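Enquirer: OK, Swiss-Prot features for this one:
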TOPO_DOM  1-7  topological domain 'Extracellular'
TRANSMEM  8-28  transmembrane segment
TOPO_DOM  29-50  topological domain 'Cytoplasmic'
TRANSMEM  51-71  transmembrane segment
TOPO_DOM  72-101  topological domain 'Extracellular'
TRANSMEM  102-122  transmembrane segment
TOPO_DOM  123-127  topological domain 'Cytoplasmic'
TRANSMEM  128-148  transmembrane segment
TOPO_DOM  149-187  topological domain 'Extracellular'
CARBOHYD  163  N-linked glycosylation site
TRANSMEM  188-208  transmembrane segment
TOPO_DOM  209-238  topological domain 'Cytoplasmic'
TRANSMEM  239-259  transmembrane segment
TOPO_DOM  260-265  topological domain 'Extracellular'
TRANSMEM  266-286  transmembrane segment
TOPO_DOM  287-314  topological domain 'Cytoplasmic'
């Protein structure tokens with residue numbers, strides 16, 4: 001029977017799933033309809049759509065994993081179902097993280113303004129750089145999947161033993177291999193994190209500098225461009241905050257699983273880890289004028305529909 005902690009965990013996991021699903025389905029539908037209507041797909045819309053599709057897949061895996069952890073955690077080792085779930089989660093998380101990284105870099109070169117020659121040279125070759133990053137992410141996905149498969153096989157073999165401490169004492173070499181594999185997984189996940197962190201921080205600095213210049217101009221602080229830049233800064237910092245929480249939660253989750261796979265605190269780490277795929281879509285909607293305007297129109301239609309379908313009694 002699930003405990004009270006398990007029930008709370010499942011409720012929060014379902015809420016995260018619904019929030020993330022609504023936001024990403026909305027992004028996918030709007031961009032697909034716009035692409036069909038205009039017979040043209042822009043680079044930002046393409047990356048956004050791919051990110052939404054990848055996140056939807058990740059959310060489905062997360063929901064299944066949450067039910068598995070909350071209701072039948074023993075299946076992770078009894079039927080080796082956990083191996084498949086972990087691999088699927090890792091693949092979808094890898095794609096989502098790298099697509100978010102590509103989007104961060106794309107916005108950085110599109111919005112930021114730096115007079116440095118290296119920045120101008122990279123901006124000129126931005127499309128080729130995005131393609132190169134996607135190719136690199138696919139190679140790293142294959143490498144990570146092989147490393148993770150070996151890591152899971154060794155971990156599950158250790159868990160199958162009746163005495164974990166005794167098994168570690170007798171198999172120090174195997175424990176060292178696990179440490180090496182865990183380090184490799186952490187290093188490969190650090191690559192997209194460092195790229196996103198760098199691009200978002202430089203984008204934020206560029207927006208701050210541009211906003212300061214607008215304040216000093218004759219337009220005044222109430223200029224619409226200034227307000228737009230302030231809103232963009234808030235969106236960038238919110239996205240960056242979620243990305244940082246996601247990265248460090250991933251490292252903590254890997255460490256907890258490495259030390260004790262059935263630790264009760266893993267549930268809380270999973271909730272923090274899943275906040276990024278659940279909430280980042282709404283940050284993207286608020287930061288994108290087309291998506292934001294479409295969302296406002298949709299909410300207005302829904303509000304009018306509820307008023308007409310439920311008229312006030314006389």
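Backbone N, Cα and C atoms are what each Cβ position is placed from, and that goes for glycine too.
Looking at the shown structure, can you explain where the listed features end up?
Expert: Outside the topological domain 'Cytoplasmic' (29-50), and at least 6 residues removed from its termini, the chain residues within Cβ reach (under 8 Å) are 99, 102-103, 106-107, 110, 127, 130, 284, 288, 290-291, 294.
Broken down with DSSP, the topological domain 'Extracellular' (72-101) shows 25 helix, 0 strand, 5 coil.
If one looks beyond the transmembrane segment (102-122) by at least 6 residues along the same chain, the residues whose Cβ comes under 8 Å of a Cβ in the stretch are 43-44, 47-48, 51, 129-130, 133-134, 195-196, 199-200, 202-203, 206-207, 210, 232, 239, 284.
For the topological domain 'Cytoplasmic' (123-127), the model's average pLDDT works out to 86.
Using a Cβ-Cβ cut-off under 8 Å and counting only residues 6 or more beyond its ends in the same chain, the transmembrane segment (266-286) has close neighbours at 5-6, 9, 12-13, 16-17, 19-20, 23-24, 26-27, 48, 51-52, 55, 58-59, 62, 65-66, 69-70, 93, 96, 100, 103, 231, 235, 238-239, 242-243, 245-246, 249-250, 252-253, 256-257, 292, 295.
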Enquirer: Which residues of the chain, 6 or more past the ends of the transmembrane segment (128-148), have a CB below 8 A from one of its CBs?
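Expert: Beyond its ends, the transmembrane segment (128-148) has Cβ neighbours at 43, 47, 86-87, 90-91, 94-95, 98, 101-102, 105-106, 122, 181, 184-185, 188, 191-192, 195.
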Enquirer: Which listed stretch (8-28, 51-71, 188-208) has the most C-beta pairs under 8 A with the transmembrane segment (239-259)?
Expert: 188-208
Enquirer: Hey, which bits of the same chain come close to the topological domain 'Cytoplasmic' (123-127), Cβ under 8 Å, at least six residues off its ends?
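Expert: The answer is 43, 105-106, 109-110.
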Enquirer: In the same chain, which residue numbers or ranges, 6 or more beyond the ends of the topological domain 'Extracellular' (72-101), come under 8 angstroms Cβ to Cβ?
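Expert: Contacts of the topological domain 'Extracellular' (72-101) (Cβ under 8 Å, skipping residues fewer than 6 from its ends): 47, 50-51, 54-55, 57-58, 61-62, 64-65, 133-134, 137, 140-141, 144-145, 148-149, 152-153, 156, 159-160, 189, 192-193, 195-196, 199, 243, 246, 250, 261-262, 277, 280.
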Enquirer: Mind checking which residues of the chain, 6+ beyond the ends of the transmembrane segment (188-208), have their Cβ under 8 Å from one of its Cβ atoms?
Expert: 97-98, 100-101, 104-105, 107-108, 111-114, 133, 137, 140, 143-144, 147, 229, 232-233, 236-237, 239-240, 243-244, 247, 250-251
